[in-house]
Amino acid sequence: MRVILLGAPGAGKGTQAQYISEAFDIPQISTGDMLRAAVKAQSELGMAAKKVMDEGGLVPDDIIIGLVKERIEEDDCANGCLFDGFPRTIAQADALRTEGIRIDNIIEIDVPDEEIIKRMSGRRVHPASGRTYHIVFNPPAVEGKDDVTGEDLVQRDDDTEETVRKRLKVYHDQTEPLVGYYRNLAIEGSDDAPKYSCINGIGQVEQIKQDIIAALKQ
């Protein structure tokens, strides 16, 4: 079973990807990991990608698709795989179909923007230890202080409301169109169309996990 997991930053994809990977014994595949492995192995595609990256460019889709084709032939993908952060564009999704790389399931984790902003902008971190808190969901015993050391907690630049809103805009502009693309494919029902499921991403992590696994088992 090959799965693509879609959803905005902060929707909980990382947590759920781990659960899916464990439940179905399939590896998570990220383009970043594939690129690093190919460069390290000095494969033909890896060297082509390295040349582009060294020049500060974006690795073109044909190289990425080539890496995907190689990766899914490896032994650990015998049961399938879970694509993490790929495809990002409709062009990449089209290229997967053109190359005959069949996808079985699309899972969208749906969380409204305001909920994501609340989740992400409420995070606080103790820099020295990496301990994380949340002002609503997991507050420290004393506001703004680490439970163990009593030292100040900080908000990372990535977690400010302004930054989160910018990241959400990029997602809506660039990646969200994929949701419509795959939803329409499922409605059309062509032979190579993956099954599309929209999962409510608000609630207990365990319930969301069960909803996703149930959708994948249907």
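Glycine residues also receive a Cβ, built from the backbone N, Cα and C atoms like all the rest.
In sequence order, THR132, TYR133, HIS134, GLN155, ARG156, ASP159 constitute the residues six or more apart from ARG123 (ATP binding site) in its chain with CB-CB distances below 8 Å. Annotation source Swiss-Prot lists ATP binding site at GLY10, ALA11, GLY12, LYS13, GLY14, THR15, ARG123, THR132, TYR133, GLY203.
Marked as region 'NMP' by Swiss-Prot: 30-59. Summarised by DSSP class, the composition of the region 'NMP' (30-59) is 22 helix, 1 strand, 7 coil.
Per Swiss-Prot, AMP binding site is recorded for THR31, ARG36, GLY57, LEU58, VAL59, GLY85, PHE86, PRO87, ARG88, GLN92, ARG156, ARG167.
Annotated region 'LID' per Swiss-Prot: 122-159, in sequence order. Averaged over the region 'LID' (122-159), the predicted model reaches a pLDDT of 96.
Taking the Cβ of PHE86 (AMP binding site) as centre and 10 Å as the limit, one finds 20 other Cβ atoms among all the protein chains shown.
Of the recorded residues, GLY14 (ATP binding site) and ARG88 (AMP binding site) place their C-alpha atoms 16 Å from one another.
Residue counts for the region 'LID' (122-159) under DSSP, helix first, then strand, then coil, are 3 helix, 10 strand, 25 coil.
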